[in-house]
């Protein structure tokens, strides 16, 4: 039973996988879910303008994930994770600074924020190397779905509730989650060298 093997033999891998799922979820929630709502409710932007800006952010998020994959190939998954964990709060901070300061460059700031969320593309690269091929799907799906369901269901509510106190709530949150990603890479990168990353997938019955 694959899941039993995951819980029995690879429990250590579940911790970094769950933590990094929370980091990935946080980047997506802030960029795609919370920020458009904040732009309408706090900064008085129209729904059409908000939709256009968030679309720019999503496009550049995809580009950022591709660039993150290139960095993973060149520098390794853990090092790429360190870089993008530090870049996440910088990009989100620049976006909210442009909103608060009304600089008139929100399009550019949203694009840069999307690029800075490349951690969304790095985390799967790390998770693939945490589990052997025979149980990789079970290990990743179990950890990701459980952590994502819990984190994504609570984070938006908490951020929206705290937003009236300060427009910088999302920036502080991304700073915390970026720190979590960085510390996870520093701690587990030495203990979990992603030995399974290059492991070939087992040949299925009937394949040649």
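Glycine is no exception: its Cβ is also placed from the backbone N, Cα and C atoms.
Curation does not apply to TrEMBL; its annotations are automatic.
Features reported for this protein in TrEMBL:
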- 14-208: domain 'Major facilitator superfamily (MFS) profile' (DOMAIN)
- 13-39: transmembrane segment (TRANSMEM)
- 51-72: transmembrane segment (TRANSMEM)
- 81-101: transmembrane segment (TRANSMEM)
- 107-130: transmembrane segment (TRANSMEM)
- 142-162: transmembrane segment (TRANSMEM)
- 168-188: transmembrane segment (TRANSMEM)
Seminar exercise, completed: Rounded mean pLDDT within the domain 'Major facilitator superfamily (MFS) profile' (14-208) lands at 89
For this session: For the transmembrane segment (142-162) and the transmembrane segment (13-39), check the count of CB pairs under 8 Å (sequence separation 6 or more) and say whether it reaches 3 or more.
Result: yes
